Every structure is written in structure tokens, then in C-alpha cells.
Amino acid sequence: MARAKFERSKPHVNIGTIGHVDHGKTTLTAAITMALAALGGATGKKYDEIDSAPEEKARGITINTAHVEYETPNRHYAHVDCPGHADYVKNMITGAAQMDGAILVVSGADGPMPQTKEHILLAKQVGVPNMVVFLNKEDQVDDAELLELVELEVRETLDKYEFPGDEIPIVSGSALLALEALVENPKIQRGDNKWVDKIFDLMDKVDEYIPTPDRETDKPFLLAVEDVLSITGRGTVATGRVERGTLKVGENVELIGLKDTKATVVTGLEMFKKTLDETMAGDNVGVLLRGIQKKDVERGMVLAKPGSITPHTKFEAQVYVLTKEEGGRHSPFLVGYQPQFFIRTTDVTGKIVSFTHIQMKNPSSVAEEHSNKMAMPGDRIEVTVQLIYPVAVEKGMRFAIREGGRTVGAGVVTNILEE
């Protein structure tokens, strides 16, 4: 079937919902699509349509991530509903990289919870630049002063993780009451229902506060592969988000990382099930590759302009070691520690060859002679990492360190080391 063409008439922004489990992220996502559908800017999705999101296999863990699209009068949005469960933080690390901004959902009845903090920290580490807060379940809070206290606590928490807590817009409301009103009457307009109006207010704030990102369209093309599909009779499609640059049908690209670098030609591009002649930074796109077998491509490789990036196994980085309260390790680790490094969309085993301290959580508790042999939870360290496979690594790139299904550190590459 011939695909409709994707129209690029408004600025495009990638956002997502983050926050603690059961604080209402999915309900809010549904309410936003239904409210904007009433204005003709979306296809309304009910809660169960988003909640039963297609399963994505990430390293043996099945993760559901819902992608929905909608428009406000000013912009086109692609919205990811990030799973809130602590085990799904992996996807936050690969998925939150897909966000130009986030809507942090906090239950007004409960206030910030451990995962709220973990998601704010991760948003900082994976480079989500801006967020707007939705204080949900307002209908369950009888006392306006309590809601103000929760708002204050949210602002303090944001400050702690170096977001501008005083400036960030906070909108309170009830996603559930808005959604129920919209399910009952899908044509609700502004001014008809106070709960639905709060959803419109939230989207106004998202429009105003989350800047249209400066797309990195002038840099050389790069896409981190998230998934690979085989289309009978057409070939192999690599999907992912264009990190930078632009790409036209017919151009040459290289597949880099994990295996030997391969050169290929782009024979087609698709976005939201529509064909494109050209894709640019920020798009979630499928790239059809000539002469490439499905087995040649895997999650974690990058597609890039030939010669623009090379694979490496050794680099220096600055790393923050999470405390146990943040879900990290309970005990220190030593030189020679071998965790998993999550780089763009890949996890690769690597070894910490050496480290020096930048900032110690409890300087007095560790004897001097141990200080550069032992990294304690809460420390900030400069490390040298040796990966077992080469991947496309570059200066300024962020990554997470994982062990046994949990995030134990977050870092940024400061220097590439030649072998």
C-alpha cells in the first residue's frame, strides 16, 4: 500500500512523561491525546491503548514504550510514555535520550517519591534539557496548603539535581477526571470543563517553556540504531532517532560499532508510516539499507555519514557513582570492576582500568592510600574505561553504568584514548 507523505508544517518536538510508578503518567498521556483530539490535533488514545504499548525487547527484558503523536496549534509533538518502574530505568536511559523535554508527573497526594528523584537525576544525566511538572491527583488533596507544600518539595528536588526549580512551570490537575470527561464527551472545548482546561494549560506551558530544540542539522548525519526489521522484497530497515545531521534517499552511510564497519546506500526513509525524501535531526525514522542483511545490523550500532565517526574501545570519563538511596550500589567498587556501559542504545561490558577522585562523599571515611583504589557510592570520579567491543564513542557523550539490572553510575566521556 502506498504510504501517505509526512507533512512538515510545524516545528517538531520530542517529549515524554516521567515520574514514579502509579503517579499517573499513562493517564495523563491519554488525557493529552484526547484533549488535543477535541481540537483536531491528534488521534485520541484511551488509557488501555497506551498502557498495552507494543513490547520492545531490550537486552532480554521486555519493555513497553508507547509512542503517540499530537499537535498543539503551534507544534507537532512525538510523545514517549516512559515506563515508571525502577526495573525499566534501562529504557529511561535509552528512551529519555529521545526527549527534548519532559513532563514530570508527581502525585499531589504523595509528593516526590524515590523514582521521581531517580528520573530527575537520569533526565539530568541523559541530557533532557527542560521539564514541566504536572501535579496530578489534585482532587485527592483536600487542603490547598498541602498542595503548596508538595509544589515546594518538587521545586527543591529539581534544584538539587540542577534544574531551575524556581522557573519550572508547575500545573496541578487530575488526569483521571479530565480523561473521564473526555471519554464521556470527546468534543469538549476550552472552557467547558475545569479538569480538561488544566490539561490545555499544561500543554500551553509545554509550548511556552520547552524550547524548540536547535536541531543539529548542520552536523554530519548520525542515527543510533534501536531496532532492525526485515521487509520482504525490500531489504533491511534500521530504526532510531536521528541524533544530528540530515539524510536523503540515495546517500551513502556507514554502519559502525560492534562489528566491522560496513558501507551502504539509503534506498528509502519512513516516519510515522509515511515516506520521506529527507530526514533530519530529531526525527524517529526507519532507514532502508541496500545490500545489508538483517544479521549485519543490531541495536547499538550507529548509522553515520562516512568518515564522520569511528569506533573506539578506550576512553576517559567523568562518572557519578549513585548512592544506595538513589538505587545504586551499597558497597564500593575497586579498579578492575566490570559493569555494563549503556552507550546510546547499547550495553557493552567494559572494565574500569583506573580512576581518580574528583569529589568524595565522605573524605574522612576512606584512608588516603585507598582513595584511588576504591570508589564509594556518592563519589564523583575520573575513570579510564576499556570496552570489550568497539562502539561509536565521542567526547561529550553521556552513558550510564549498570550492574545486575540497576543503574549504579552515570557519566560523560571527556577524552578518547587511542589503542
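Cβ coordinates are placed from backbone N, Cα and C, and glycine is handled just like the others.
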Worksheet item: Given 19-26, 187-194, 211-218, 323-330, which one carries Swiss-Prot's region 'G1' label?
Response: 19-26
Discussion item. Quick check on the annotations: Swiss-Prot lists region 'G2' for one of 60-64, 140-144, 415-419. Which range is it?
Written reply: 60-64
Practice prompt. For the region 'G4' entry in Swiss-Prot, name the matching range from 8-11, 136-139, 404-407.
Written response: 136-139
Worksheet item: Which of these ranges is annotated region 'G3' in Swiss-Prot: 81-84, 109-112, 273-276?
Response: 81-84
Worksheet entry | Collapsed DSSP category at GLY19 (GTP binding site) | strand
Practice prompt. Mind checking which of ASP22, GLU138 has the fewest other CB atoms within 10 A of its CB? They're the binding-site residues.
Written response: ASP22
Worksheet item: Around THR26 (Mg(2+) binding site), how many other CB atoms lie within 10 A of its CB?
Response: 24
Discussion item. Return the average pLDDT for the region 'G3' (81-84) as a whole number.
Written reply: 61
Response to the item:
Cβ atoms other than its own within 10 Å of the Cβ of LYS25 (GTP binding site), all chains, total 27
Worksheet item: What is the separation, in Å, between the Cα atoms of GLU138 (GTP binding site) and THR26 (Mg(2+) binding site)?
Response: 16
